[in-house]
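Enquirer: This is the feature table in Swiss-Prot:
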{"type": "ACT_SITE", "residues": "D539", "note": "active site, proton acceptor"}
{"type": "BINDING", "residues": "L416, G417, E418, G419, A420, F421, G422, K423, V424, K442", "note": "ATP binding site"}
{"type": "DISULFID", "residues": "C41-C106", "note": "disulfide bond"}
{"type": "DISULFID", "residues": "C49-C99", "note": "disulfide bond"}
{"type": "DISULFID", "residues": "C90-C192", "note": "disulfide bond"}
{"type": "DISULFID", "residues": "C180-C222", "note": "disulfide bond"}
{"type": "DISULFID", "residues": "C184-C213", "note": "disulfide bond"}
{"type": "DISULFID", "residues": "C237-C310", "note": "disulfide bond"}
{"type": "DISULFID", "residues": "C258-C292", "note": "disulfide bond"}
{"type": "DISULFID", "residues": "C280-C305", "note": "disulfide bond"}
{"type": "DOMAIN", "residues": "236-310", "note": "domain 'Kringle'"}
{"type": "DOMAIN", "residues": "410-677", "note": "domain 'Protein kinase'"}
{"type": "CARBOHYD", "residues": "N45", "note": "N-linked glycosylation site"}
{"type": "CARBOHYD", "residues": "N63", "note": "N-linked glycosylation site"}
{"type": "CARBOHYD", "residues": "N129", "note": "N-linked glycosylation site"}
{"type": "CARBOHYD", "residues": "N144", "note": "N-linked glycosylation site"}
{"type": "CARBOHYD", "residues": "N250", "note": "N-linked glycosylation site"}
{"type": "MOD_RES", "residues": "T112", "note": "phosphothreonine"}
{"type": "SIGNAL", "residues": "1-24", "note": "signal peptide"}
{"type": "TOPO_DOM", "residues": "25-317", "note": "topological domain 'Extracellular'"}
Amino acid sequence: MNKYSAFIVCISLVLLFTKKDVGSHNVDSRIYGFQQSSGICHIYNGTICRDVLSNAHVFVSPNLTMNDLEERLKAAYGVIKESKDMNANCRMYALPSLCFSSMPICRTPERTNLLYFANVATNAKQLKNVSIRRKRTKSKDIKNISIFKKKSTIYEDVFSTDISSKYPPTRESENLKRICREECELLENELCQKEYAIAKRHPVIGMVGVEDCQKLPQHKDCLSLGITIEVDKTENCYWEDGSTYRGVANVSASGKPCLRWSWLMKEISDFPELIGQNYCRNPGSVENSPWCFVDSSRERIIELCDIPKCADKIWIAIVGTTAAIILIFIIIFAIILFKRRTIMHYGMRNIHNINTPSADKNIYGNSQLNNAQDAGRGNLGNLSDHVALNSKLIERNTLLRINHFTLQDVEFLEELGEGAFGKVYKGQLLQPNKTTITVAIKALKENASVKTQQDFKREIELISDLKHQNIVCILGVVLNKEPYCMLFEYMANGDLHEFLISNSPTEGKSLSQLEFLQIALQISEGMQYLSAHHYVHRDLAARNCLVNEGLVVKISDFGLSRDIYSSDYYRVQSKSLLPVRWMPSESILYGKFTTESDVWSFGVVLWEIYSYGMQPYYGFSNQEVINLIRSRQLLSAPENCPTAVYSLMIECWHEQSVKRPTFTDISNRLKTWHEGHFKASNPEM
């Protein structure tokens, strides 16, 4: 038994006798702080924190028990497991954070318990003016403690200035190992900013006690949550697009210092490689190389960093190494050839008088071998031709379900616009039954690259699978002769954007609420079909919806980029043109296109419908629009737009993509509203 253990036993005996005497006079023992005779540092034997606190001495406040804390932790962890607001990268730190916050580890458990009992004794000693009898009793207690002090060999260890100055003891007053302050601040301010704020306010999690990072001491001997900042100081170049770059470059190509990522990116928890730093990175492969945010004339913009590509740096080394290897092989080959010639020359001197039989004059030219090789090449060529033929047959089989026409069956009437593949025309199609119908013709431009031709055929394969009354369906193709064409049903009233403008109050016309809902419902049902087939549109807008007679609306993607729509697209950091006014922040910043981003776009289309085709964020430049979307400056309600419809728009523009409604939910709501308006407009039905 060490000296601290012996002292605890002795102190406990003194307190026991003191408590007995005092208790006989009906004095509440809680005044003396005797609730917990086992001290405040306990060996953890629970289940919730077993993985991080097993067999550790943990601090338990005198007014609580280990069972109390265990029950609170169970309840709090149950809330966390069921929470849908918890990011996956944040969830892994939730339990260690709760365990370390509620039960920090005692650095010196025996000494901490010793000081606790000494404080209890000192606290009992200081009670005065209870009664004369009590004073006599207290004098006896003080005498007992004084005798013990004199006999104790470790008196200076206990009854000295080292005794904790506060009673009851707290996490701040004791010698405890707590969460590392730097990791706590990263958790609270960057990686789990939203989750940490919710936890602090939550009634169940708050009962456990979440650490206030500002009050944590700066101490190297602390409890680590395992949060690591991914940095490799030796990495001075990047591979591919730089999404795996972890170097320490923190200056843009123009020489401006990079800003800390957490200052500008709200969803930093999706990219844990960005926490606690301002180094150049390429999260989500947004750019072609590492980049960062910089300050530029009152606004923060994206700039690429001046970091070399690893392939460029090692190119010379590769060429040099390859040249050296080739040179070595040449030298070895020359040596072998020289030795063989020497041997042959020596052998020929011995047999030069022997008469050789007559032979084919081509035997030294290996004519037969050459012929065999030629035959082999021929067979190999036939094999490659066979593989290519099979590939074409497979491609042809995928196109068999589409009607095929010749250019003689198609008559081009007028140009409608121009897209990525080429021009789009209005025309006439002669069908097998000798009747003609009006069609929209999407023609592949002349001298298109191999990749463009492949993309064109790939689009045919994709579109051929789409069959819905609110999707513009392909009628057939022309693939036997250039120009290759896709043939679509022709929509008489043009695109929805033009239709809305031509029926707006500025043209002396208007649409009813029933017509607005009819348009919106058809688009939502078309998108519901696409999303059910895991198809992401990426460019849903009024300009890409077509209107036929009878107010039939169908979704298309003809890629019409006429001059009147050029302002709807914006080139972000030298990438392809993007319709930023219809895109959520995750698509603009990270190039993340999903069904949820299509839902955002549908909300903007709904806004276009009720504003009669007005351009979203009219009057702002595209860069200003990006800043507005990132700062959650949403479009205001159009004039005469029903509150319920605008509320649906707001839901579609939820910052967290998972909280946006599905197209099924949207269609159900619009259908209910449409039926209500229809019944109100036709009471006799």
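Here the Cβ of each residue, glycine as well, is placed from N, Cα and C on the backbone.
Neighbours and distances for these, please.
Expert: Within 10 Å of the C-beta of D539 (active site, proton acceptor) there are 19 other C-beta atoms, taking all protein chains into account.
The Cβ of C41 (disulfide bond) lies under 8 Å from the Cβ of H57, V58, F59, V60, C106, P109, E110, T112, N113, each of which sits 6+ residues away along the same chain.
Counting only same-chain residues at least 6 apart in sequence, those with a Cβ under 8 Å from the Cβ of C49 (disulfide bond) are L73, L95, L98, C99, M103.
Around C90 (disulfide bond), a 10 Å sphere centred on its CB holds 21 further CB atoms from the protein chains shown.
Counting only residues at least six positions away in the same chain, the Cβ atoms of L216, H219, C222, L223, S224, L225 sit under 8 Å from the Cβ of C180 (disulfide bond).
Applying an 8 A CB threshold to same-chain residues 6+ apart, the list for C213 (disulfide bond) reads R181, C184, E185, L187, E188, N189.
For C237 (disulfide bond), the Cβ neighbour count at a 10 Å cut-off comes to 16, with all displayed protein chains included.
DSSP classifies C258 (disulfide bond) as coil under the three-state reduction.
Residues within less than 8 Å, Cβ to Cβ, of C280 (disulfide bond) and separated from it by at least 6 positions along the same chain comprise G242, Y245, G247, A249, N250, S252, C258, P290, W291, C292, C305, I307.
For the recorded site, N45 (N-linked glycosylation site), the DSSP three-state label reads coil. The Cβ of N45 (N-linked glycosylation site) has N55, M66 as same-chain neighbours under 8 Å, each 6 or more residues away in sequence.
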Enquirer: Summarise the domain 'Kringle' (236-310) by DSSP state, stating how many residues are helix, strand and coil.
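Expert: Helix/strand/coil tally for the domain 'Kringle' (236-310): 14 helix, 19 strand, 42 coil.
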Enquirer: So if I measure Cβ to Cβ from C310 (disulfide bond) and keep only same-chain residues at least 6 apart in sequence, which ones fall under 8 Å?
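Expert: Correct list: C237, Y238, W239.
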Enquirer: Tally every other Cβ atom lying within 10 Å of the Cβ atom of N63 (N-linked glycosylation site).
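Expert: I get 11 for this one.
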Enquirer: Let me make sure I understand the span of the ATP site: among L416, G417, E418, G419, A420, F421, G422, K423, V424, K442, what is the greatest distance between any two Cα atoms, in Å?
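Expert: The two farthest binding residues have Cα atoms 14 Å apart.
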Enquirer: Looking at the recorded positions L416, G422, V424, D539, whose Cα is closest in space to that of N63 (N-linked glycosylation site)?
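Expert: Nearest by Cα distance to N63 (N-linked glycosylation site): D539.
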Enquirer: Quick one: give me the count of other CB atoms within 10 A of the CB of N250 (N-linked glycosylation site).
Expert: 15
Enquirer: Any idea which of the disulfide-bonded residues C99, C184, C222, C305 has the thinnest Cβ neighbourhood at 10 Å?
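Expert: The disulfide-bonded residues C99, C184, C222, C305 were compared, and C222 has the fewest Cβ atoms within 10 Å.
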